[in-house]
Amino acid sequence: MTGTRILELFGPAPEPPSELGRYRILSPTAGIRVSPLQLGALSIGDAWSTDLGSMDKDSAMELLDAYAAAGGNFIDTANAYQNEQSEMWIGEWMASRGNRDKMVIATKFGTDYRAHELGKGLAVNYSGNHKRSLHMSVRDSLQKLRTSWIDILYLHTWDYTTSIPELMDSLHHLVQRGDVLYLGICNTPAWVVSAANTYAQQQGKTQFSVYQGRWNPLRRELERDILPMARHFGMAVTVYDALGSGKFQSRDMLARRKDQGEGLRAIYGGQQTALEEAMSKALGVVAAQHGIESVTAVALAYLLAKAPYVFPIIGGRKIQHLHDNIEALSLRLSQEEIEYLESVGDFDPGFPYDMAGVDPADTGIATPIVAQAAPMAFVQRSKAIGYAESSKGSQMFG
């Protein structure tokens with residue numbers, strides 16, 4: 001009996017209910033294990049239903065249950081989402097399910113999260129990057145989430161009004177106290193993050209281990225400086241707007257939404273642009289190559305193939321959409337497929353990359369200043385888990 005127990009203890013875990021439960025290391029500087037797709041909780045709540053659609057508490061609990069049942073453990077929220085309902089409902093869900101220790105919760109500070117109750121202009125120190133805002137936000141998030149710690153705390157947006165030493169010293173204090181485990185930053189220029197992490201490393205403080213930003217096949221600005229910066233500092237990248245604000249949809253999907261009385265989210269505009277329609281068609285072509293219909297799965301697979309330590313955030317309000325998105329984890333996109341999707345848009349890295357070139361570790365091609373000296377060969381950087389060396393249908397992308 002004892003031997004059996006020992007074998008069970010050290011034996012492998014069973015296969016997960018879906019690929020969502022095949023966990024990954026968050027980043028080289030954050031060893032916590034997380035699901036490859038993060039559940040975005042922007043829609044958890046009904047306070048912003050006019051702009052984001054309606055989701056009552058029962059539906060929210062069902063969505064959270066479905067995500068967890070599929071093996072998901074990684075949830076993204078913020079202090080202000082849905083006028084604080086998002087954090088409160090997640091906290092209520094974890095308390096009722098008794099699963100706090102199983103979940104990895106990321107939340108954010110920096111926005112004015114109390115104006116909805118106190119009034120505009122009457123909650124000035126509830127927002128900003130400064131120590132007082134941070135103190136109150138973490139105090140309140142812990143209470144709303146019904147937890148004693150936050151797994152990942154993001155600075156929501158850089159506001160240029162707080163010094164890097166004040167920010168990093170204050171964040172490090174929370175880590176030392178055990179209120180926060182890992183640090184992240186969103187919507188911030190690469191030079192600021194670089195300066196902050198350099199300060200942290202030099203002063204023996206906790207650095208940012210994850211960056212959150214906008215990225216999809218039509219919005220590739222993150223690749224210019226933020227992605228190389230994240231790689232340099234050992235940071236993960238969590239991605240919002242991965243599905244083009246919900247506009248990467250086939251004509252059939254849009255027709256079904258219309259038949260069901262649903263439109264695109266009002267806050268993002270009610271119609272696809274010509275470029276969004278073209279991208280949706282291209283995503284459909286790649287989906288067909290893989291024998292599936294879901295263009296959203298391909299859009300997510302694109303990000304998962306681009307670089308290691310990338311975690312798309314999936315939002316939405318329907319369980320069926322969740323399962324469609326999980327399909328992305330079974331896809332592997334080739335370089336030909338990636339380039340085919342990127343050919344729809346127009347991304348120019350600009351100066352100084354048009355002069356200096358890009359890292360040969362990514363391309364295998366020497367930069368002009370290196371090539372002028374001698375022929376060179378380069379060790380290639382590791383590819384993402386979602387990357388495939390070749391595609392059976394690659395000839396159609398030529």
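Cβ from N, Cα, C; glycine included.
If you look up Swiss-Prot, you'll see Y81 marked as active site, proton donor, on the strength of similarity to another entry. Per Swiss-Prot, NADP(+) binding site is recorded for D76, 186-187, Q212, 241-251, 317-325. What Swiss-Prot records for H156 is substrate binding site.
Only Q212, of the binding-site residues D76, Q212, G246, Q249, Q320, have a C-alpha within 10 angstroms of the C-alpha of H156 (substrate binding site). With a 10 A radius on its CB, Q320 (NADP(+) binding site) counts 9 other CB atoms from all the protein chains. In the shown protein chains, 23 other C-beta atoms lie within 10 A of the C-beta of L243 (NADP(+) binding site).
For the recorded site, L243 (NADP(+) binding site), the DSSP three-state label reads coil. When each of the binding-site residues H156, H323 is scored by how many other Cβ atoms sit within 10 Å of its Cβ, H323 comes out lowest. In the three-state DSSP scheme, R317 (NADP(+) binding site) falls into the coil class. A count of other CB atoms within 10 A of each Cβ picks out Y81 as the most crowded of the recorded positions Y81, G246.
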